[in-house]
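Structure record follows, encoded as structure tokens.
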Amino acid sequence: MEYHAGAYDVIVVGAGHAGCEAALAASRMGCKTLIITLTLDSIAMMPCNPSIGGTGKGHLVREIDALGGEMGLNIDKAFIQSRMLNTAKGPAVHSLRAQADKSKYHIEMKKTIENQPKLDLVQGEVIDIIVKNQQARGVKTRTGSIYEGNAIILATGVYLKSKIFMGEVNYESGPNGLFPANYLSNRLRELGCNLRRFKTGTPARIHRDSIDFSKMSIQPGDTEIVPFSFMNDEINIEQQPCWLTRTTPETLRIINENLKRSSFYRGDMEGVGPRYCPSIEDKIVRFQDKPTHQLFIEPEGLNTKEMYLQGMSTSLPVEVQVEMIRSVIGLEKAEIMRPAYAIEYDCIDPTQLKLSLEMKHINNFFSAGQFNGTSGYEEAAAQGLIAGINAVLKIRREEPLILDRSEAYIGVIIDDLVTKGTNEPYRMMTSRAEYRLVLRQDNADLRLTEKGYKVGLVTEERYKRFSGKKDKIALEMERLKKTNVTPKEVNNILEEIGSSLIKTGVSLYELLKRPEVSYKEIKRLKKNEVNYEDIDKEVEEQCEIVIKYEGYIDKQLKQIDQFKKLEGKKIPEGINYLEIQGLRLEARQKLNSIRPLSVGQASRISGVSPADISVLLVYLEQKRRQKVGEKN
Amino acid sequence: MFIDDTIAAIATAAGEAGIGIVRISGSKAIEIIDDIFRANNNKKIYEDQRKLTYGYIFDFDNNEKIDEVLAVYMKAPHTYTKEDIVEINCHGGMIPVKRILQLVLRKGARLAEPGEFTKRAFLNGRIDLAQAEAVMDLISAKTEKGFEVAFDQLEGSLSKRVEEMRKEVLELLAHIEVSIDFSEEDVDEVTLDYLLEKSIKLEKSMTKLLSTSDTGKILREGLSTVIVGKPNVGKSSLLNSLLREARAIVTEVPGTTRDVIEEQLNIQGIPIKLIDTAGIRETEDIVEKIGVGKSKELFNKADLVIFMLDASRELTNEDLQIIEMIKDKKIIVLINKTDLPNKLDIAKICHLIGERSIIKTSLKEEVGLDELENVLVNMVYKGEVKSNSNLMIANVRHKDALERALNSLKEGIEAIRRQMPMDFIEVDYKNVWDYLGEITGDTVGEDLIDHIFANFCIGK
């Protein structure tokens, strides 16, 4: 039983964080778009931790925002606590994190999608991808609806053949008691997708009223709230605190005694889990001499009493979970509302994808998010956005938007996935970015707004605002360089802050270079030509960072120059690596399967040595000359 | 990384020669030569393109005059590589060229890979396709050799030392990264004091390692190798064959080599100091006696002894005396003159000296030299012979990488002292790790992330 249900430019399968960004991007760029999801009640659902952002992840949200994505705007509507992490460290690793009201996050995103012109939202389970002549043409749902599409984006999250584990118990299920998608995997395998099993887990939720907060330390939000989105100036809300507590030696005993009953140690699971997100039993086994572990208790929202137990993900049986949780300080009487579980699911080997997130072997077929082997809402959203943009560009027959490692964390994730693959659910960390000093969260707008504007996703309003900021920064930099101060004007201030005195006049620029001098001091200098109230905080921030860390930033810019030169050496699509004399066999095979776009990308493939790259360079030059020769 | 930096190498063949040439190619060539060369006519070298200019190479950092040279500047694009090229003609022999090359590398050039000048010539459009294919063979051939050597070297003591250092850097890096990426987690934040303390220690051991390679035994004198054997067994011939030129006098009259001859040579990248002794033998000749005394003294200091025997003569008392003197040393036994009828009881020798490398040669017929070179190189890479200064290889590439690592470490220490934020300090440490990795052939990547997860308890 089949029927024709509609025709679209872009069809997005899944409405999680990747799917929502993909669908919004495609429709905002003018394509008629359909988004299909198992249930409309789980749009942009946060089935694990109730927060957006954090180290590395906060950078991603800022980048998504700068390109014209939705995540930053949505969390700004739905957060209940905001903190800038790592403020004691350098500006490159300051990371914004917000606790979300999960239900509000879902509702706000659903509203945005419902109100988006050119975007249709339907409930359904996709069981087939229609492919003709190696090109994706549409999808079919379990109820027989056939939707035609010029591009398909898979964002199936953890739903493919998902299975839940709690001790000896396991059953087929999606997260949070939702249905799994059991049909699509086989079809994808038929289509040549190389699927594998990954796993992840989530801790229990407990009832707020059963917690003794007096035994815990409170973790309030920042007094000054920094919004995620460039479009928001100031947000004032009453923030909710989180709480910090610890496990006890008793917890350790309970886990050790019941270890055999954990699904993971029973050997029931085949999936590979992330190392950065180990279960509590895993932590205890690996770090036996650590007597206690810290736990954060975080609210799941304003209209619920469910509290999230950050740090206690587990696959132990529910009865053991109860005992274990009650051994934690302040949780002696805790009542579990949702038990912790581990979940296993099918995902693709991302080396089957191009940097545009299109599958190498099927045209117009894109994928994003956890299906690509990542973990985390932000990582998913970032890919969703790029897949959405590139699906549209593909239909328009334009060049894809590919951000490189020196331009964005988004570029780092995608390059890592596509070039190196991943053996565990991939999480963003700032240490994965080689050019971290340049890829700051404070300059995401400056790095990416232009690109978002060029593809047509950034609105005129945002672009105007952005240009304004850019001009103001340039003006202020100029002023700092040109404005000189005399010893008489500044020495008393310098003395006060323990900075060495000046003997002759210096520019404000020179002064700001000193680690101990900040804008606060600059502002104390009476300079008539400027009214400091007119200078935005963001402008000050940019100038100060750029001036203060100039030496290091320059070092990194030089590295980027070198990097760009190799990235700029493009490899023609049809190249036959197997015939290149001088390449080692392993390198030939690896290059042949990854099919890098540039020599730079080739050099990052594991198993390809610098010598192989030399050989490749020479080969490419030979080919180029032959071509030139033929033309003449 | 491949095309845009400035490269340098010794352009003349290794070994003794009248002159040696150091060639620099790339955009920084002029800057580098300007930094180290002073012309006698006080002109800047780039004022006189394509003219040999007489002057001196100076190491201004250490206020040292290195060598008297003729230098020439050739402006791009009309050069071999189509880039700016500078050539420095200095005195021959290993020491001046090597020191100049080191200086050039310190000033910012990178040591050229095998065939790289030619590769650039091709990539920049200087040579044609047929020539380029030859280059390709060259690159791949050299690389394979390079891999073998690199692999063997892993067992060498330099690699071990560098590995140890890298481990320390990795640990510091992991500490820094964890405190950045997992600042909310239950791990002890690394303190600047801790970093500083560790770094200063590391700086010391790195400086020490570097100083041994700079002034130390191996680089300056090579692996000290003594050639010993009774008169007329072919010691000088061996020396000459290895040097491929007649420096010592070779005659048929026993005892003509009256003093000790020292020669520097380079076998497959390993600097070797070859010492030819006067024949050891009871004699009334006073001059020879000094020679003999010196011979004995030399054994004690030698890293390796090449003991030569004459296949055409029976084992003599002299041979036995020599065996007695050297039996505790690392020995390669060379049985020479195998072109003549054999009269030597090889089984007896084996019995006397135990398990040793025995190589049969005929220097006259040029047989067995390759084997000798290979055995020698293998002994070095497998760590069987160790220099008294405890450092194995001082190849210029390693030294160059070590110097860059040390510089980055110093910048890191400076950054800590200036209380720069962790993420800035990290940049320097990553450089230290990368540069050390160039020596062992590893690079950063998943290693760091593996280390973080293996050693810190983090996660939700």
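Think of each number as a place in line: the chain as shown, counted from 1.
Cβ coordinates come from backbone N, Cα and C, glycine included.
Caution: TrEMBL annotation is automatic and unverified by curators.
Since this is a predicted model, take the numbers as computed values, not measurements.
Per TrEMBL, (6S)-5-formyl-5,6,7,8-tetrahydrofolate binding site is recorded for B:ARG23, B:GLU87, B:ARG126, B:LYS460. In the three-state DSSP assignment, the secondary structure recorded for B:GLU87 ((6S)-5-formyl-5,6,7,8-tetrahydrofolate binding site) is strand. Residues within less than 8 Å, Cβ to Cβ, of B:GLU87 ((6S)-5-formyl-5,6,7,8-tetrahydrofolate binding site) and separated from it by at least 6 positions along the same chain comprise B:ALA11, B:ILE21, B:VAL22, B:ARG23, B:ILE24, B:ALA71, B:VAL72, B:MET74.
Residues or ranges marked as K(+) binding site in TrEMBL: B:ASN232, B:THR251, B:VAL253, B:THR256. Under the DSSP three-state reduction, B:ASN232 (K(+) binding site) is assigned to coil, being neither helix nor strand.
Residues annotated as GTP binding site in TrEMBL: B:232-237, B:251-257, B:276-279. Cβ neighbour count for B:ASN232 (K(+) binding site) (all protein chains, 10 Å cutoff from its Cβ): 20.
Sequence annotations record features per position, and here TrEMBL assigns Mg(2+) binding site to B:SER236, B:THR257. Other C-beta atoms found within 10 angstroms of the C-beta of B:SER236 (Mg(2+) binding site) number 21, with every protein chain shown included.
Look at TrEMBL and you will find B:222-381 tagged as domain 'TrmE-type G'. Each residue in the domain 'TrmE-type G' (B:222-381) has a pLDDT score, and their mean in this model is 71.
Annotation for the binding-site residues B:ARG23, B:LYS235: lowest Cβ count within 10 Å of the residue's own Cβ, B:ARG23. Filtering the binding-site residues B:ARG23, B:GLU87, B:ASN232, B:LYS235, B:SER236 for a Cβ under 8 angstroms from any Cβ of chain A leaves an empty list.
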